[in-house]
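Student: OK, TrEMBL features for this one:
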- B:ARG107, B:LYS147, B:152-158, B:182-185, B:GLU190, B:HIS213, B:266-267: ATP binding site (BINDING)
- B:111-296: domain 'ATP-grasp' (DOMAIN)
There are 2 protein chains.
Amino acid sequence: MTDPLRTGATIGILGGGQLGRMLSVAASRLGFRTCIFEPGADCPAAHVADRHIAAPYEDEGALRIFAQACDVITYEFENIPTSALDILETLRPVYPGRQALRVSQDRLVEKAFLNDLGLKTAPFAAVDDGVDITEAMAEIGLPAILKTRRFGYDGKGQVRLKGPNDAEAALADMGGAPAIYEGFVDFTHEVSVIAARNAAGDVAAFDPGQNVHKDGILRTTTVPARLSPAQRSDAVLLAAQILNKLDYVGVMGVELFVTAEGLIVNEIAPRVHNSGHWTQNGCTVDQFEQHIRAVAGWPLGDGKRHSNVVMENLIGDDMDRVPDLARDGACALHLYGKAEVKPGRKMGHVNRVTGPA
Amino acid sequence: MTDPLRTGATIGILGGGQLGRMLSVAASRLGFRTCIFEPGADCPAAHVADRHIAAPYEDEGALRIFAQACDVITYEFENIPTSALDILETLRPVYPGRQALRVSQDRLVEKAFLNDLGLKTAPFAAVDDGVDITEAMAEIGLPAILKTRRFGYDGKGQVRLKGPNDAEAALADMGGAPAIYEGFVDFTHEVSVIAARNAAGDVAAFDPGQNVHKDGILRTTTVPARLSPAQRSDAVLLAAQILNKLDYVGVMGVELFVTAEGLIVNEIAPRVHNSGHWTQNGCTVDQFEQHIRAVAGWPLGDGKRHSNVVMENLIGDDMDRVPDLARDGACALHLYGKAEVKPGRKMGHVNRVTGPA
């Protein structure tokens, strides 16, 4: 375990989107500088970072310059090329560590890991070809979802299967990539736990939030979530179990289905998470600062919630609502400074404070 | 009145210290970029800004480049050279406007302005020489304070006078600069109101905070302040009166002495103010975002307080307490990323959340 980073140190962030942007702002609150590694020339995180290295993730020279400019390295997305990590890890500490990435980069490995921990997931099977999908359908049943094992996000790389006739098209949609067949889970709603662990092994979790998705993209997160006290405690404990098993350092998002038979883990994300954005206006220390604290070797904030919040993503044309939202005294706007509005593009979010906790 | 700034626009900030840093972070929340104009090569605000122009305030070419890079210009300190404003004003809107600067750059003009508004100040007299100071002493009495009319901050350029014999040394301390003699005010405590006004003429004030100074430097601000409901309302109303009279756009700090005879205005600052830092953890929209909203032509946040807070400045060696403060779940740290710790230097502040409002 290394010493806590001193004020003035530089935190490297792989990825320059809105998560990197808000991580950079949180780092500044603790007196840190940030250096963003992101191929895109103009990216949301670069606007609020001390330095931006714009190079492909395959550029070994740029990766070395980046590592040497930083005291510690973290990331805003889990699909970092392994080759980049191979270089960076030899030069600087990278948090969260390799094991968390290995598990979360592959849906099949992730589900197996969770089951090994004794945690429930949807029934699943590996699918590489037509034989596999037929077997999976027979064993697990329908409806189901076929997903690429790797590189999926916001509903991309996913196809629903309603009947046997959907198999061929779904498989074609995977484009030859290894896939996972996931059985139907009869859940009433979805919640997520944003939890953090630091190098000292301390764990702190924020209150679970209740998520609503549309077209595979998160629309709203509401705290408090509709959960019994027992469910609430189960949710936090299982998140802690995952973090501890991975010897995790940083913030993780754990998505859970609430079912009559208990909580089922949907997926884990080894990073700050869209469903944790409410913490910016609900807690004294938000998920972004919590992550920075963890990777900087600092004590964690306690995660206590002072306010009830409904977080809503502003996607594409939702930006037209900004003038009205700005007039609403209960609303805190968080816009990402993206130049171009595109359908389905996350442009910002709004935290509506609905009352004291 | 101009249209509200659209997301992606650039806000120029004169001055690159901690106030510029926190303004820049607030601007990013609303999707704006910032460009900092600050002579120092490495400054706190530049770490979180999109661009930094490092040039003297007398560099006309640099000022023009700065203005052209920005959609609107604001500042973190009131002692901007008039010559710089002359150039910038021809190119871009500058908020708060010239009148506020003219009034607040000169303590004598400021007090006369406040009295003209019907607001009470300490008794005062202009002092340029030995004759003036003798007359002021006879008229206003002792104890008193002699201050430079311009360019004072954090207790600098101020000398206390306890007896007639202090006059000569005090005058020498002014170094020939025009001065103001301020009579003693018998106050029980000091409070400040952080108020904002936008171009539409809307005014919003945060709850008054109670300030404790030491050696001329603010140490703590506590909300709620010890005030009767009538005093609270008086404080907010007089701040609004000042803003309206100046046709002000932005956030202003108004320092008040609480006396048996009512509230007396100590001084006004045409910018975000150290005594408003508590709003970062006490309100949904803090003073920095409120200022950005005002200068961007946006609606103001409502300024409502969700938590009670004690803000404490971390000055010089107070930084040694950071590890302990980081472990305290009630504390939100805000560090400025200044490389060198110096005695009397503001290195950061901590907002201790003491409970729901």
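Even glycines carry a Cβ here, placed using N, Cα and C.
Remember, TrEMBL labels are computer predictions, not curated facts.
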Student: Across the whole of the domain 'ATP-grasp' (B:111-296), what does the mean pLDDT come to? Round it, please.
Tutor: 95
Student: I'd like the Cβ neighbour count for B:ASN266 (ATP binding site), meaning other Cβ atoms within 10 Å of its Cβ, all protein chains included.
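Tutor: Total other Cβ atoms inside 10 Å, all chains included: 20.
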Student: Under DSSP, is B:GLU182 (ATP binding site) helix, strand or coil?
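Tutor: Where B:GLU182 (ATP binding site) sits, the three-state DSSP reduction gives strand.
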Student: Highest CB neighbour count within 10 A among the binding-site residues B:ARG107, B:LYS156?
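Tutor: Its Cβ has the most other Cβ atoms within 10 Å: B:ARG107.
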Student: Can you give me the same-chain residues 6 or more apart in sequence from B:GLU182 (ATP binding site) with a CB-CB distance under 8 Å?
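Tutor: When sequence neighbours closer than 6 are ignored, B:GLU182 (ATP binding site) has B:ARG107, B:ALA122, B:PRO123, B:PHE124, B:ILE140, B:ALA144, B:ILE145, B:LEU146, B:LYS147 within Cβ distance under 8 Å.
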Student: What is the Cβ neighbour count of B:VAL185 (ATP binding site) at a 10 Å cut-off, with all protein chains included?
Tutor: 17
Student: What three-state secondary structure does DSSP assign to B:ARG107 (ATP binding site)?
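Tutor: Note: B:ARG107 (ATP binding site) is helical by DSSP.
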